[in-house]
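According to TrEMBL, the features are:
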type     : residues  : note
TRANSMEM : A:93-111  : transmembrane segment
TRANSMEM : A:161-185 : transmembrane segment
TRANSMEM : A:266-287 : transmembrane segment
TRANSMEM : A:299-321 : transmembrane segment
DOMAIN   : A:332-438 : domain 'TMC'
TRANSMEM : A:341-359 : transmembrane segment
TRANSMEM : A:394-419 : transmembrane segment
TRANSMEM : A:440-461 : transmembrane segment
TRANSMEM : A:508-530 : transmembrane segment
Amino acid sequence: MLLYQFQVVYKIYCILIPKFCFLCGFDAEEDLVGSLASMSSNEMIKSFRRFGNALSEFFQQLRPWHKSLKIIGAEFGTSVLSYFVFLKWLLNFNIFSFLINFGFITIPQFLAAEPNNLSFTGLELLTGAGYFQQTVLYYGFYTNATISKVENGPSYNMQLAYIFTVGIYFVICFLILLFSMARFFSSNFRLTKAFSVNASKLLCTWDFNITNEEAVKLQQKNLLTQIKVQTTGGTQLMCASHSVGDLVVHTNLCSGLFHYRQSAMLVLPVIVSLLNTLVPFLFSWLGHLEKFQSPGQHIYVTIVRNIILKISIVGILCYYWLNIVATSESQCWETLVGQDIYRLVLVDFIFCLLGSFFGEFLRRIIGTTVCVSLGLPEFDIGRNVLDLIYAQTLTWIGILFSPLLPGIQMIAFLIVFFVKKVSLMRNCQPPREVWRTAQMTTSFIFLLFCPSFLGVLSLFFHTLRLKPSEECGPFRGLPSMYAAVDEWIQMLERYTVSKWVVWIYHNLIASELFFFIISTAVLILTYLYWQIIQARKTMIKLLHNQIINAGQDKKFLLQKLQREQRAKRRSSSALGGRGQQVSLTAHLLLFNCLGQVHGAPPAVQTACCFGKRLSLRFNLNSCYLTPDSKRMQCESSLIICSRLEFSLDIEKPLPSPDIIYGYETSRKHS
Amino acid sequence: MGNKQTIFTDEQLDAYQDCTFFTRKEILRLHGRYYEMAPNVVPMDYTKDPDVKLPMQLIINMPELKENPFKERIVSSFSEDGEGSLSFNDFVDMFSVLSEMAPRELKAIYAFKIYDFNTDNFICKADLEKTLNKLTREELTAEEITLVCEKVIEEADMDGDGKLGFADFENMISKAPDFLSTFHIRI
């Protein structure tokens, strides 16, 4: 049954690879084969590197919208750019899902399709019902048979294909999201809390992307305002308590939604989208009324409220679908749910476009003609990104019930990108408030993973255990969708070749003991890593203190050196006549600000006695400190002919501007 | 497409690909940009490694750099002869470090050079004052400037020498996660 799939994939592979080589300008395979035969290993490595470079060039050519992104970044900065980059990234999930669903589920279905007897009226595009009900768009149309074109040839089990395609897609999404989140988290969050506000504002936040003169002036003005506010010590009042107000709003919304579920088809999606669009405005208006400690807090609170709103809406809808529609006695509940989701996605898309029209275009007209004090609107990054996450969540929920939904969402995202870009360029001004791009992007990816994707995953597993409808879909007649996999495993048990698959299934996937062991191991590892993090934090504090101490030692030594030099210049006592021997020990203290110097003690290079003056020359060229000791002493005893007046010349090694040395002398008369 | 170009030899292009973060197409595109700044001076044939440098005035008039307050510092940090004129290698180097694929450590090194106005390998108070003036179009009063610069040195200077060494700067950069995305010029 899987053989058919493998054949298809293999054929595609064979067709694509030569095209790929052609496209990336990598000269014909014949060259490669011929030259491989007579090559030294060096050249092999070079040709592999060239192949790698050609591959990366090929993928870079596929990079769409490079110019658009550059223009957006140039005019509005990195913060607004992050929304469009996020949109582009989400598009990839939909493209991937559409391709594999179309390839593995829809194309075989075309071969075994039943004729569609319904008529097409234009209204179907909006409601998703009617003609579309009997097309590949919905779960209900798919057959539960094993498709085979040729008698006794390879057959294609639709049930397994359906469940495995969707399942493997979710697993791959899970891995991609997990790794992206980990990567962003590790590069954007730091262990130590100390965040030097002023220093980073001055040296790290200037956005080099911006090349538009007006935007640059605006950015400079923003920085000026921030510094002025800080130096004059602006204070803000504490925020009022918002939690009670939030709860009231949310419970009202939830109960309202429950009442509307029985109404006509399009009313539910319209109401949901209206809620999604209008309530955030209510929240930001509330936010303006309340006083916050900082503008950043205002943004955070508004975003959290929007998140809670969207989670409540999606939660209620899912509860309704899975507990009420699924257990009702309707004919094909999966198709009904699919249609609901289709309508929701479509109306959400229309409202997004309308929101852009009203929110930005009309607001600009109002801001420039009627009420000039309002000014141009700003692009609300938080609300738009949350809309994207909501749309993607709906798509993920709908994949099981409507396999081609990602294709529709893909087209929607493309149109949204274009519309938002045009609206942004024409209507908006660059953002005035500080938007911590890296942290916000990490938070959004985390939001995409944690409530959104994990919620969808748990929904998926719950749906697998529901009873599918009797008359339609690939799982008709089975007690649950998951039963298809059980049946397949039982069938595999009959063949000895595939006994290992059965073993893996029984002992690893379906066994609770295995998951218990894995969970315990993961928890232990997590605890170990947590302890390592704590130890590293302590280490960082110790090293930080060490650096500060080193700096203070350096200052102390410099001052001591200066004092000694002044004292020596003032005092000059003669010792005696000739023949007096004085041994002079010079302790040389070598010091570096980080204590990183290491090596051997300096040797005395020359010592000359000019009658009254002794000159000692230490050669520091091969001199370093050991890592443990910050000071190093070297002694040199010399016999002085007569007078005490001496000078100490120390030849500095080049370039170490921060090796500082001081000396102490002790005299012994003999 | 393919190996039809005659501007660079294959070995030169491979060397550029190894030393920078650009692909072949991008290097050829960069050469196009370099050429169109001074078509009379820059040769189309780079196979013999011609020694051509463009002066700073031409480079800081590029649209990517024109409005940047630090454009002269950026160009002088990458110029080998210290006067601000860039050869093609320096030009590619500059945009490679400023591209989005360059790692944080490399960007930190060059950011330090850019903000070090008097090139003494330290960011001292005078450097900070000049930076602040460039960032705010010189609209701050002298007391505000001194106040801000003192606060910056207080926060970032760890070893207490009154100026920021490279270690201090790098430590501060590591705590600012936005640095990678803001220190980036797309070409």
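Using the three backbone atoms N, Cα and C, a Cβ is placed for every residue, glycine included.
No curator has checked TrEMBL annotations; they are predicted automatically.
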| said: At a threshold of under 8 Å on Cβ distances, which of A:93-111, A:266-287, A:299-321 pairs most often with the transmembrane segment (A:394-419)? | reply: A:93-111
| field | Residues of the domain 'TMC' (A:332-438) by DSSP state, where helix covers H, G and I | value | 81 helix, 2 strand, 24 coil
| query | Does the transmembrane segment (A:161-185) reach the transmembrane segment (A:299-321), going by 3 or more CB pairs under 8 Å (6 or more apart in sequence)? | reply | no
| Near the transmembrane segment (A:508-530), which same-chain residues lie under 8 Å Cβ to Cβ, leaving out any that are not at least 6 residues past its ends? | none
| query | Excluding the flanking five residues on each side, which residues at least 6 beyond the ends of the transmembrane segment (A:440-461) place their CB within less than 8 Å of a CB in that stretch? | reply | 79, 82, 86, 90, 166-167, 170, 173-174, 177-178, 180-181, 184-185, 188-189, 307, 311, 314, 318, 322, 381-382, 385-386, 389, 392-393, 396-397, 400
| request: Average the per-residue pLDDT over the domain 'TMC' (A:332-438) and send me the rounded value. | output: 87
